[in-house]
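Novice: Sending over a structure as structure tokens; questions will come in a sec.
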Amino acid sequence: MAALRWLSAVVAVSTTVLAITPEQMLSAPRRGEAIPNPSGNVALFSASQYSFDTKEKSSSWNLLNLKTGDITLLTDDANVSEIVWLGGDDTSLLYINGTNAEIPGGVELWVSSVKDFSKGYKAASLGASFSGLKAVRTRSGDIKFAVNAQSYANGTAYNEELATKYASTARIYDSIYVRHWDTYLTTTFNAVFAGTLKKGKHQYASAGPLKNLVAPVKNAESPYPPFGDSTDYDVSPDGKWVAFKSKAPDVPRANYTTAYIYLAPHDGSSTATPINGPDSPGTPEGVQGDANYPVFSPDSRHLAYFQMAHKSYESDRRVLYVYTLGSKTTTPAVAGDWNRSPDSAKWLDNKHLILGSEDHARVRLFGPVPIDADDDFKPQNFTDGGAVSSYHVLPDKTVLVTGTAIWTSWNVYTASPKKGVIKTIASANKIDPGLAGLGPEDISEFYYDGNWTKIQSWIIYPENFDSSKKYPLFFYIHGGPQSATPDSWSTRWNAKVFADQGYVVVAPNPTGSTGFGQELTDAIANNWGGAPYEDLVKAWEYVDKNLPYVDTENGVAAGASYGGFMINWIQGSDLGRKFKALVCHDGTFVADAKISTEELWFIEHDFNGTFWGARDNYRRWDPSAPERILQFSTPQLVIHSDQDYRLPVAEGLAMFNVLQERGVPSRFLNFPDENHWVLKQENSLVWHQQMLGWLNRYSGIEEANPDAVSLDDTIIPVVNYNP
């Protein structure tokens, strides 16, 4: 019953402010989105929790009363992987059972009820590991659903347990990608499958085999890896259509971001066709970039989606388009000049949408946005701080929001365009003992003059912060580079965990950051070590001059991905001498090694050309330049994992080699089973012990605070053959 431990915390929680440790954060419950029932009085959500004592993870599905905030357990059966409301009433459910009694490697669809979940029944047997369940109940009472799985070219779903095993482990490629994110490509690919559950007198039953809607389109794939999920496709409310996103199959996938939104009959009676392809009548002129998030209107007459204009720039501005099914005219942009890049949408009604977008280091909701809004229409925000992760429109047209913030891992509330935030229903810092005492007072922000414009930065305070005292600086640099440090919870780079070691964390959003207008985002192109570095220098100078409670003499700095590149760049720069220690996680080091990445469009955009045609651009910001290496002197921890194919592990090894040969105190931390991110809890705990232990040793935190994380907390032996 470990999964239920946190449920009792709903009743009462200590008001004592506690420092949050890495172990507390990693073992705290991780909750999913709150999904409301048709009446909007109860919501479903998933939860999982890892125990460092038992080394096991428990999972559950729960019900949240949207009026009282009370939480009750629905099921703690680990085989229940996904649940959706069946529709037609407020209690019926459809879920995926992650096992199959008849087919090894398959799953099952079950129908049940919140009244007595254990008395459900099997409605369909599926012959592979399907996931991403979406379902609508049609007027006939039948259920039209879509799921996704790996597929063979012939349309058959791939089942790993039943697949042919070759005697050789060889891989052979005639095209790129060879590998992507953390996976070597094979001849199988992701595909969306459609199916029907027929309504019988007493039960639903499968109407026949699933239809593969993607395989008939050569080289199409949906959801698109590595981050594609069920938001890459949608089922129309009338059950007649499925829309899905795929990278454009007619251009080299490693060189272009171009994507199409395809429309297919749910019954698979004809091949899917793109609504925004090069030969589609509705395609807007000059719009050739990534497209995503297709979502049908309630009346099934319109399909909203986002698309970028640039065909090889993954961080171009997204623009909302609304396609009318059956239309042969150009699909109009909606609020086309809005200087934000929305990435989610929900229909408020048949004529208006709610949009989610990054905005000034938050993720906020905007609307209502009319589908016929002119280019100069400016959507209005109606949520506050934090980061919205999902949302659903309720019957009364209020919006049920699930989000996070730097101070809470789960925050459920209602909001509306007219009233703004209405009511907080549940928040992790009020439920979980390990997060007790965290609140919005733990953070603040400031703006300062950067290299060429105003730059925003977060401040995160430690437990029992006292402005009359001094705390070492923890300077955090985000990755991307076209990304941001938002007001959101993270289990990888949790600023509050860092602060509670005894630091004041400062996290700037320099040139290249998203959510502050496209000009700031675009300005990092061919400028990696230029304006962003100067922005960071000026952030440090601002802190040194204006925040008397920050001890910059004993400050430390850390960054990941592009932030890791910047740590390596700082190591060879004057700013590097301002820090007692540095941590580089998965950062680039050798300029010429960038060609070993997988998404070539990224480097070719950010360095204004190909590796052979613009080599000087690649080398302009080279942390491994000899004159920079000669400046290396600040102790540095290098972290790099074997399954990182975005920035291969050789980059971390190269940096560590140079640091060691230069006699700079240094350590290399490697995980053979992690990618660009460290996700497994046991590995993440070691990551925190080593990262914080390294910084604490050189900042003085370890000596001043006996409870601080230490390098010695890790039981993994250190390999050291130095004479």
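Every residue, even glycine, has its Cβ placed from backbone N, Cα and C.
Small disclaimer: the values here were computed from a predicted structure and weren't measured.
Quick paste of what Swiss-Prot says about this protein:
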| type | residues | note |
| --- | --- | --- |
| SIGNAL | 1-19 | signal peptide |
| CARBOHYD | Asn79 | N-linked glycosylation site |
| CARBOHYD | Asn97 | N-linked glycosylation site |
| CARBOHYD | Asn154 | N-linked glycosylation site |
| CARBOHYD | Asn255 | N-linked glycosylation site |
| CARBOHYD | Asn381 | N-linked glycosylation site |
| CARBOHYD | Asn451 | N-linked glycosylation site |
| ACT_SITE | Ser561 | active site, charge relay system |
| CARBOHYD | Asn608 | N-linked glycosylation site |
| ACT_SITE | Asp644 | active site, charge relay system |
| ACT_SITE | His676 | active site, charge relay system |
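Give me the local environment of each listed feature.
Specialist: Within 10 Å of the C-beta of Asn79 (N-linked glycosylation site) we count 14 further C-beta atoms, all protein chains included.
For Asn97 (N-linked glycosylation site), the same-chain residues 6+ apart in sequence whose C-beta sits under 8 angstroms from its C-beta are Asn79, Val80, Ser81, Val107, Glu108, Leu109, Trp110, Lys122.
For Asn154 (N-linked glycosylation site), applying a Cβ distance below 8 Å and a minimum sequence separation of six or more within one chain yields Ala215.
Taking all protein chains in view, 15 other C-beta atoms sit within 10 angstroms of the C-beta of Asn255 (N-linked glycosylation site).
Classification of Asn381 (N-linked glycosylation site) by DSSP places it within a strand. Around the Cβ of Asn381 (N-linked glycosylation site), 17 further Cβ atoms fall within 10 Å across all displayed protein chains.
Classification of Asn451 (N-linked glycosylation site) by DSSP places it in coil, neither helical nor stranded.
Neighbour list (Ser561 (active site, charge relay system), Cβ cut-off 8 Å, at least 6 residues apart, same chain): Gly479, Gly480, His585, Asp586, Gly587, Arg646, Leu647, His676.
When secondary structure is read from DSSP and collapsed to three states, Asn608 (N-linked glycosylation site) falls in the coil class. Residue density at Asn608 (N-linked glycosylation site): 15 other Cβ atoms are found within 10 A of its Cβ, drawing on all protein chains shown.
Under the three-state DSSP scheme, Asp644 (active site, charge relay system) falls in the coil class. Residues near Asp644 (active site, charge relay system) in space but far in sequence (CB under 8 A, at least 6 apart, same chain), listed by position: Asp182, Asp586, Glu674, Asn675, His676.
In the three-state DSSP reading, His676 (active site, charge relay system) counts as coil.
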Novice: Near Asn451 (N-linked glycosylation site), how many other Cβ atoms are within 10 Å of its Cβ?
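Specialist: The Cβ of Asn451 (N-linked glycosylation site) has 18 Cβ neighbours within 10 Å.
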Novice: Whole-number answer please: how many Å between the C-alpha atoms of Asn608 (N-linked glycosylation site) and Asn451 (N-linked glycosylation site)?
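Specialist: Between the Cα atoms of Asn608 (N-linked glycosylation site) and Asn451 (N-linked glycosylation site), the distance comes to 21 Å.
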Novice: Would you count the other C-beta atoms found within 10 angstroms of the C-beta of His676 (active site, charge relay system) for me?
Specialist: 20
Novice: Need the DSSP three-state call for Asn255 (N-linked glycosylation site) to compare against my parser.
Specialist: coil
